[in-house]
């Protein structure tokens, strides 16, 4: 049983990797960006757990900045993904402009909130 | 050629429709604005009621001192001796809005007073709210329904009651913010555009600024997202609509000082975070499902489920621990009383004592939304016929708001827009079916081919529903007949449900065409019903909801009487007392006293400190001496009571007195409610308990009352008062208004020690004697 699940998992990883290798480079870059943002958020959470959350608004704005960036990047990825039929008539330039605007608002708010 | 001509005709019709709806919207805005001006015409351009006076005062401060002083404003003229940090405890949306309008007008060299701007803020924003309703309903069911809903909202009595000119309260702008937030959410959901998501977050920010009711939004939207996920309607548009809103919205909400860290610390907001996490899991699952073959996906599911369950349990355990560790489980009293309607009456008398926090009665539904109450079910059914993401949201909105309006009268206000949207959908679809079947019948009579008629009608529909997806239009046409049936039947005596469904399927077979006579009658009935609604709304706006409640009028056979006692009393205070004198009254009059009389008050309508209010309640329900001591320790110079016994003004202090006893007794147990009740009945006549007849409130209200008519007949309680002749030893009457509605007493200064002793012994002998004389004189009259 354990062996079969192990085998399954291996097969799964293989197919996942091969499927992912087919994604375009631009999307991969966005994925990297998302991963980096999430990783930064995790670091901050760990730091908060060790050191304490004293300037709570700083912690909050730090983590939410990372989470927000990641979420917005995911949205961008959804919109520019060619496989996604829902956004066929949305040009990638428009999607990117929206993304920049949203990020601008997000980081203006964060600068305000940073304390 | 023919096709080109037809297309040209369609665009022409389209353009014509757009211009027409623009003018209709303009008229709706004018209607929404002008129907709220009755109060200005019938009375004058004044701020109404209680809370608006506070908002007005804050706006004055804002316009005078600027925004930075406003944030740091510590108000020492209220809640004496504690004071109140206004900048950090007030929802600033309304004041900032009015302040901005005032500043804008002034910089354009239009010198309006702050008061004028404040008075007209609510009508202006109700026009905006009806336009927002148009947009929202258009996203859900097309432009026709949007226009109908906007017209309905422009004059729905429930909303009028909170937004007549002069009613300068948070709800005035909050309803607009609420609707526009919902609209932008739906718009984002329909288009999947990040731009609208940003706007949505900003609209949500405005809502958070404006009203505590924003928690409704931040719980309703996650509920809808969850509903979509559970019913398998997840789409990447849903992710774009929700995920940025949570992150941006939380940050923006935390910017508002009154919310602050509550945006992440209280459990009103936890639902949104939980759904945020769930949404990400679901999004990941859908993504992996997309890139894997079905077989591999099954393998992945079995693997992930086993691991994921463990993780989920851990997360839930952490969340539960977090919630349980926060006080009151992280819920504020008002929200708890929403979930458990009996909570407030059990634990927090101060919340229960406010009449707008009581559950509504059935007549108030009819009064406040009138015929909409009957149209709502039809609208819900119409929403289900092609269930889209948008229409499921509206259904969820109405279901939750019906519940909330049933808990608190005040939340009828949240329910009203939902009811308008639903009724707008119902009405417009009904009209659609009736007019279409009339058209079909006419064409058939005139001998045209049916195909032509079909083309004409569908061309009619499509330009109207530009927002609705084309693939849906076929379905909508099909569902209309049933919709129609329902409508008609409702008007015609509400037939049994079974009949409805059978009739529905029949008409579906007949291609939605109803007999000519039936549709004409149905159309007439609908118009008649709409006319009835309009008449009711105008009546409600003119008669029921326009009274400013600081100026009262009454009609008698002698003509119109105006009772302007409140302003008379506040003006007296303003002109005849020292600037730093403290005035004690029940908290209802706190805001007005600070705003109109500019005197320091002990408690006001903010009610943030229950103990302080209980102290005043205790003083009012204590005998004179004890009350004097309490007031003296609070540095009070004047005591103000509102008394309606002479002119029959029912919401006076004697009628509110039991709440003072309850709230006072909640903190100071020596005040016991049964002491004031005779056999469980609240009475002030000769059967009243001695505690009641000797408490300060009774004495201040009825002092010298018997001199007015010789009998002391109280017109509110419709009885003669119990104790007619008595003297005040520690208070002296300094001012009583023309109709005795406000009476102001001054605390007598404490006497010198030796004289005080003599006085005391004297007063001791004199008080019983006056009592005796009172009772002696009472008997012959009875």
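Start at 1 and count along the chain as shown; that gives each residue its number.
Cβ atoms are placed via backbone N, Cα and C, with glycine included.
TrEMBL has this to say about the protein:
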{"type": "TRANSMEM", "residues": "B:15-35", "note": "transmembrane segment"}
{"type": "DOMAIN", "residues": "B:19-422", "note": "domain 'Oligosaccharyl transferase STT3 N-terminal'"}
{"type": "TRANSMEM", "residues": "B:85-105", "note": "transmembrane segment"}
{"type": "TRANSMEM", "residues": "B:117-136", "note": "transmembrane segment"}
{"type": "TRANSMEM", "residues": "B:142-160", "note": "transmembrane segment"}
{"type": "TRANSMEM", "residues": "B:172-197", "note": "transmembrane segment"}
{"type": "TRANSMEM", "residues": "B:203-227", "note": "transmembrane segment"}
{"type": "TRANSMEM", "residues": "B:239-264", "note": "transmembrane segment"}
{"type": "TRANSMEM", "residues": "B:270-288", "note": "transmembrane segment"}
{"type": "TRANSMEM", "residues": "B:365-385", "note": "transmembrane segment"}
{"type": "TRANSMEM", "residues": "B:392-409", "note": "transmembrane segment"}
{"type": "TRANSMEM", "residues": "B:415-434", "note": "transmembrane segment"}
{"type": "REGION", "residues": "B:471-503", "note": "region 'Disordered'"}
{"type": "TRANSMEM", "residues": "B:511-535", "note": "transmembrane segment"}
{"type": "DOMAIN", "residues": "B:580-639", "note": "domain 'STT3/PglB/AglB core'"}
{"type": "COMPBIAS", "residues": "B:753-763", "note": "compositional bias 'Basic residues'"}
{"type": "REGION", "residues": "B:753-782", "note": "region 'Disordered'"}
{"type": "COMPBIAS", "residues": "B:773-782", "note": "compositional bias 'Basic residues'"}
Under the DSSP assignment, what numbers of helix, strand and coil residues are found in the domain 'STT3/PglB/AglB core' (B:580-639)?
33 helix, 10 strand, 17 coil
Outside the transmembrane segment (B:142-160), six or more residues from its ends: residues with CB under 8 Å to it
17, 21, 24-25, 28-29, 31-32, 35-36, 126-127, 129-131, 133-136, 175, 367-370, 372, 412-413, 415-417, 419-421, 423-425, 427-429, 431-432, 464-468, 533-534, 536-538, 540-541, 544-545
Suppose I define contact as three or more CB-CB distances under 8 A, residues 6 or more apart in sequence; do the transmembrane segment (B:365-385) and the transmembrane segment (B:511-535) meet it?
yes
Stretch in B:85-105, B:117-136, B:239-264, B:270-288, B:415-434 most in contact with the transmembrane segment (B:392-409), if contact is a CB pair under 8 A
B:415-434
Cβ-Cβ under 8 Å with the transmembrane segment (B:239-264): same-chain residues at least 6 beyond its ends
71, 87-92, 185, 188-189, 192-194, 197-198, 200-202, 204-205, 208-209, 214, 218, 221-222, 225, 272-273, 275-276, 279-280, 283
With contact taken as 3 or more Cβ pairs under 8 angstroms (pairs 6 or more apart in sequence), are the transmembrane segment (B:172-197) and the transmembrane segment (B:85-105) in contact?
yes
Across the whole of the domain 'Oligosaccharyl transferase STT3 N-terminal' (B:19-422), what does the mean pLDDT come to? Round it, please.
87
Residues of the same chain, at least six outside the transmembrane segment (B:85-105), with any C-beta under 8 angstroms of its C-beta?
55, 58-59, 61-63, 67, 70-75, 111-112, 114, 117-118, 121, 124-125, 168-170, 172-174, 177, 206-212, 256-258, 606, 608
When you scan the chain for residues with a C-beta under 8 Å from the transmembrane segment (B:270-288), skipping those not six or more beyond its ends, what do you find?
218-219, 221-223, 225-226, 229, 234, 236, 238-239, 242-243, 246, 249-250, 264, 297, 300, 304, 308, 315, 319, 322-323, 330
